[in-house]
Amino acid sequence: MDLIRSYADGSDDALDEAEERNPPSPKSLSPESSPTRLLVAKSSAPKVDDTMLALTAAAQAQRSLTRPIDPTQRAIAFNPTYDQLWAPIYGPAHPYAKDGIAQGMRNHKLGFVEDAAIDSFIFDEQYNTFQRYGYAADPSASVGYNYVGDLDTLKQNDGISVYNISHQEQKRRRVESKKESGEEVGGEDVDPTEVENPATETWLAKNKKSPWAGKKEGLQEELTEEQKKYAEEYAKKKGEERAGTSEKGEAVADKSTFHGKEERDYQGRSWIAPPKDAKASNNHCYIPKRLVHTWSGHTKGVSAIRFFPKHGHLILSAGMDTKVKIWDVYNSGKCMRTYMGHSKAVRDITFCNDGTKFLTAGYDKNIKYWDTETGKVISTFSTGKIPYVVKLNPDDDKQNILLAGMSDKKIVQWDMNTGEITQEYDQHLGAVNTITFVDDNRRFVTSSDDKSLRVWEFGIPVVIKYISEPHMHSMPSIAVHPNTNWLAAQSLDNQILIYSTRERFQLNKKKRFAGHIVAGYACQVNFSPDGRFVMSGDGEGRCWFWDWKSCKVFRTLKCHEGVCIGCEWHPLEQSKVATCGWDGLIKYWD
């Protein structure tokens, strides 16, 4: 009770003191209002002067902004500057650096080298200005232009550089330099006495010679007789070589030899006339199994063979011994005629539609049009480049149109009636290897060493379809399927690819024929007349047969010792195939 009483007394005294300091307002003194009571806040913490604390914190913050970063810290509470990040480490030196800079903190053997972003033109300008006048802009100045070097010359030249001298100043300096050298300037005459006096500067300037002044004295003005003779012979030789390479191919006398008994029989029919009983018994083809006959007459390899169109009673062969031979297939099996008109190996041959004429293309840069029966050369064509492939337009009314793929990336079109070049198709980036007519002979497809296929409209030298993929290889041989809907292209990555001859010329990814080895050889690909089989030679002398539908290997024949470069299916006999190789043989299989 005593404690309660003392607390009550104490609170009354405190209340009286508060009333003395803050007298109540008249409203609060009204008898109706209750008395106001105020409680004073008391703190048990001692009073502390925080002035020194603030100064200490500011000093620590300032010191943290100037001192290097401690590498043992896990976190940094401020944004450090570049100097702080790359300052030497406190404490003992780094064990792998003598100057205390860690290896990861240097990009040069002497420390850290900072790149300066200065344009090359500005650097050259300031460098040449310093070399010329002795002053240049300070590259380390961050604000404005500060200069280093000869400041007196800087004021005298008004701070110009070697690249911004005015035209009048340049002209004035040229005039001064000419005056110093003693030349006549602006029509001013020089004193003739000074020019004649060797002791004056004018005479020295007039008679000054360059280091190369005496070099021309040793040149011989006139050639001796021996030198003139040699120069004439050299010019004549070069002119002959230029004419031979750029204008025409090598000229060779054309001749032909008939090896048969007689050129006409008792009824007056020519030896190239097809037998009347040569007809196809049915359209179903079979794979050959055995060797029937071998023709050997070429002294070197055989590069191509072609059956006589529609009948196949004769077979034409192009040899690397510069000769073209035609052989009998039905009767005697002997060589009927040899055509000699090329000076180098024959590259390609092709018959016209009726077989009475054929074309040959040789490495002597000549294309020759032969009469099959008489062996005479009807005409010769040449552009000075090697023809790799020759082809006649298959239309009967356009048998005078010759297309040739050349080694200079062009396809040249001749009109054989006039002998003039009527069109050039120049889009390929490499030598042209094949020409194949498609779409009812309105278009043709060409392949080249540039690993691409290009489709052209006949007569229009604009590519309408360009096929080239990074994975594609060169395609040196192309054949058309008998239904004319597909192209078989021999690819040099040891496979045969099939392309559609429709509008889009797409690759048929489902049909791919492989197993043979043709890398590096232009082995011919071909179809059977009924389209059931695909065949091709390879680099190991074999002839491969695939089934068209299943794409599986049907049979393989070992045909030649060297490369089996060509293969042809007989147009009428269902199971007869002819092959040729680089061993100089032509073999007939049944």
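Each residue, glycine too, has its Cβ placed from N, Cα and C.
Sequence annotations record features per position, and here TrEMBL assigns compositional bias 'Acidic residues' to 10-19, 183-194. For 1-38, 167-198, 237-266, the entry in TrEMBL reads region 'Disordered'. Taken from TrEMBL, the feature repeat 'WD' applies to 295-329, 339-380, 425-457, 557-590.
Between the repeat 'WD' (557-590) and the listed ranges 295-329, 339-380, 425-457, the one holding the most Cβ pairs under 8 Å is 295-329.
When Cβ-Cβ distances below 8 Å are used as the criterion, the repeat 'WD' (339-380) is approached by residues 248-250, 252-258, 263, 270-272, 300, 303-304, 306, 308-311, 314, 316-326, 386-392, 394, 396, 399, 402, 404, 416, 419 of the same chain, each at least six residues removed from its ends. The average pLDDT for the repeat 'WD' (339-380) in the predicted structure is 92. Across the repeat 'WD' (425-457), the DSSP tally of helix, strand and coil residues reads 0 helix, 19 strand, 14 coil. Secondary structure of the repeat 'WD' (295-329) per DSSP, as helix, strand and coil residue counts: 0 helix, 20 strand, 15 coil.
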